[in-house]
Structures are given as structure tokens and as C-alpha cells.
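Q: I have a structure here, written as C-alpha cells, and I will follow up with some questions on it.
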Amino acid sequence: MDKYLVKMPIKSTKNVVSEEKISVKEEKPKPKKVVKEQSAIANKRKNLDTPEIVNKENAEVENPPKRRSTRVTRSTRSMADVGTPSPEKEIPEKLPFIKYRGAIKYFTESQEIAASADEVMQWVDQQTHTEIVPMAFDMEWPFSFQTGPGKSSVIQICVDERCCYVYQLSNLKKIPAALVALINHPKVRLHGVNIKADFRKLARDFPEVAAEPLIEKCVDLGVWCNEVCETGGRWSLERLANFIAKKAMDKSKKVRMSKWHVIPLDENQLMYAAIDVYIGQVIYREIEQREQTKLKNEAEFKEQNGENAFKAVKALGETFLTKINEVTL
């Protein structure tokens, strides 16, 4: 058995330090060393606005704030705090869903669609107080991953937030002349998101529609939003509803990818189609109001402060969507 025994070295008590002594040594503070380390960190971060500086009074003496150059500033709010808003930069927030409670007028036959378009044209002609009548425009068609996009199946329009028109084209070989005349009416300003692509598709599917005249006079809401609000990027209708109208849209994939060519449309499809043009009309009105406010604020500022001050403020990122209360040089 002795050969399997391992002889362990005997610890010497001479080199053993008691645990009490060790703990005392570790607890001794070293204020001088800490101060040197902190001062070294502060020197490395000199001229930087950092919360790690321990002595604020000494830091302010060593690093006085840089003197700002003389320029036009605004006392009411910062002009470019978060940069240019864009669809990619928008922070998702919980917004109430759009609820449309207006009328939905749905037609599938050529004669019914023509009569309805005539009715809308008469309403447009009666708007004598304005030279332009905005009309939200959108389209729907079936889509298959095997065969791609189908023929244009639905046109929906909205000229008044209380009523939306849904025209299903599935049974039509040609679009009624009255509907073509309506969308080409000189007072009508068609608007939507990516609306130019819709007109090109409509012209391919129905040659009696000329795309270019419609493209020349239409308004893309995303482009207009970037011009007025000085935002950037490409907008979807859903993101515009979030940003401009502060509303959420229920863009159900099941409804969006449904069979739009099948007659009749169900209630979910009709509501989906109506909400698209209804919220488009709401967004148009809101951007229009912001544009008018912006032009008014710009004119008042130029009159009070001059063209040079206006250019200086614009260079700082001011949009003039709200009124400037005070300006200092």
C-alpha cells in the first residue's frame, strides 16, 4: 500500500500571513493614486463635454466653453434637433386605427359606373369657390407569385371625406367615357402614393386611358410631404398616415392579396379600398394646410427680419411650419 501513497508537502507557518492582516491591507484607501488616475482621465478628455469629470469647478476653469459665432438663433426651440425626418427614421408609436364611417358607393356595371362618374363631375362643377378639387385615387388588382400582377380590377376615388366610390372593372372591356372624363377633368387634382405607376398600369390594361396627361397634373403625396415638411425618403401610404394624420392603418395581407377581380367584393375588401382613398384625402388636406402655414410664416419673417436673416435661419434647418416668436443675432 505504501507505493500508492503520495507524500504531500508540509506547509510552513513562517510564510503564512494571517487573513486579518490581508484584509487590513486591502481596505487601506489610496487617495493619492485615485486622484492621479482621475486627473489622467480628465486630461485625456480635455475639451470634451463629459460627465466623467470629477471636479466640475476645476474642469470649467481648465476647459472654458467655446465661444459661439454670431448667427441667427431661435429662442423658442431648436431648429434641427433630430435631423431630417424620413420614413426610415420614424419611431413606431401606438396610434389609433383609422375608422371610416362614411358612405361607400360600389358599382360593377358599365352603365352604373358611367352614371356615378357623371354625378361626381356635376358635383365638381358646382364647387365654384375653388379652382382645384382634390381627388384621392387608388387602384387594386389581384397578384399571384406564379403569374405576377393581374389586370386592373378596382378604381377607388374620394372627393369628399364623407363618401368614397369603388368601381370594379372586372366585367368591363373598356372604361366608361364618363369615368375617363372625370379623372381628366381640368379642375380635378388626382393625388395618391406612387400614383404615377398606377396611371401607367391603368393605361396598359385599358388603352383608352392616356397616362401622360394624368401624370403631368397629379400629386404624389410622398413627394409633396418632402417638399412642405422638408423630410426625406420614400413614403408609403401607411407611413404617411402615421406621420401626417397620426393614424394607424390595418394593412391586412389577407385583404391586400385577395381576389380583387371576383365580383362581388366582400365587406372587408370594400372597407379596405375606401379607407385607402379616405385617408389619402385627409393627408392631402393636412399637407395643404401645413403648406399655407409655412408660406405665411416665411412671408412674415422676411418682412420683419429681412432676406439675409431668412436665409440664415433656413440654413440652420428651420421649416417655418410653426411661427418663430423671437430671433436674436
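Note that Cβ sites are derived from N, Cα and C of the backbone, with glycine treated the same way.
Not my notes, these are from Swiss-Prot:
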{"type": "BINDING", "residues": "D138", "note": "Mg(2+) 2 binding site"}
{"type": "BINDING", "residues": "D138, E140, D276", "note": "Mg(2+) 1 binding site"}
{"type": "COMPBIAS", "residues": "46-65", "note": "compositional bias 'Basic and acidic residues'"}
{"type": "DOMAIN", "residues": "130-288", "note": "domain '3'-5' exonuclease'"}
{"type": "MOD_RES", "residues": "S78", "note": "phosphoserine"}
{"type": "MOD_RES", "residues": "S86", "note": "phosphoserine"}
{"type": "REGION", "residues": "26-88", "note": "region 'Disordered'"}
Q: I'm checking region-level scores; what's the whole-number mean pLDDT for the domain '3'-5' exonuclease' (130-288)?
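A: That region's mean pLDDT is 97.
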Q: Which ones in the same chain are close to D138 (Mg(2+) 2 binding site), with CB under 8 Å and 6+ residues apart in sequence?
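A: Same-chain residues close to D138 (Mg(2+) 2 binding site) (Cβ under 8 Å, separated by 6 or more) are I155, Q156, I157, G192, D198, A273, D276, V277, G280.
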Q: What three-state secondary structure does DSSP assign to D138 (Mg(2+) 2 binding site)?
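A: Assignment for D138 (Mg(2+) 2 binding site) reads strand.
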